[in-house]
Amino acid sequence: MTTRTLRFYALVGFLVFLDQVTKYLAHAYLARDFIVIPNLFRLTLAKNSGAAFSFGTGFSWLFFLLGIIALIFIGWFLPRTTGSIVFLALLQGGIAGNVFDRLFKPPYFGNGEVVDFLNTPLFSGVVFNIADLFILAGVFGTFLFLKGSK
């Protein structure tokens, strides 16, 4: 395993750890909404059986399967890329954090619910988590990196 690959998986591991710690804290301490910035940002505990930003609610097993496929693809793609590993690590870490929830949170084994807790009126009715932000940053960063390399 190359140093680059080790750094990649160390970053992914750190991102998954950060995601799981924030979800644990939200689950343990958010009994009700906590307003951080009035009319802009609040913490709201929610459980999501859909994808990022509550898209596709009720299809947890499908997003679990797609997440596993994405993790395998990124792992396969990593040694074939010469670009920055940061955006791929953000993508891999975010996907892995939510796949972890689907696997180990009730009702378990691919059907678990993802813990969401970040809420802003900018995205009406959408509650999300740190892993969703990692995925979003990874997708946009990878897209911009690939677009800029042409």
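Each residue, glycine too, has its Cβ placed from N, Cα and C.
What you see is a predicted model, and the numbers here were worked out from it, not measured in a lab.
Look at Swiss-Prot and you will find Asp116 (among others) tagged as active site.
Residues or ranges marked as active site by Swiss-Prot: Asp132 (among others). When other Cβ atoms within 10 Å of the Cβ of Asp132 (active site) are tallied across all protein chains shown, the result is 24.
Sequence-distant contacts of the transmembrane segment (8-28) (same chain, six or more residues past either end, CB-CB distance under 8 Å): 43, 45, 78, 85-86, 88-90, 92-94, 96-98, 100-101, 115, 117, 129-131, 134. Residues or ranges marked as transmembrane segment by Swiss-Prot on the basis of sequence analysis: 8-28 (among others).
Through the fold, the transmembrane segment (58-78) approaches residues 5, 8, 49-51, 85, 88, 91-92, 95-96, 98-99, 102-103, 110-114 of its own chain, all at least 6 residues removed from its boundaries and within a Cβ separation under 8 Å. The annotation transmembrane segment is assigned in Swiss-Prot to 58-78 (among others).
Here Swiss-Prot flags 81-101 (among others) as transmembrane segment.
Here the transmembrane segment (126-146) has long-range neighbours at 15, 18-19, 22-23, 26, 44, 46, 48, 52-54, 83-84, 86-95, 97-98, 114-120, meaning same-chain residues at least 6 beyond its ends whose C-beta is under 8 angstroms from one of its own. For 126-146 (among others), the entry in Swiss-Prot reads transmembrane segment.
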Cα separation, Asp116 (active site) to Asp132 (active site) (Å, whole number):
9
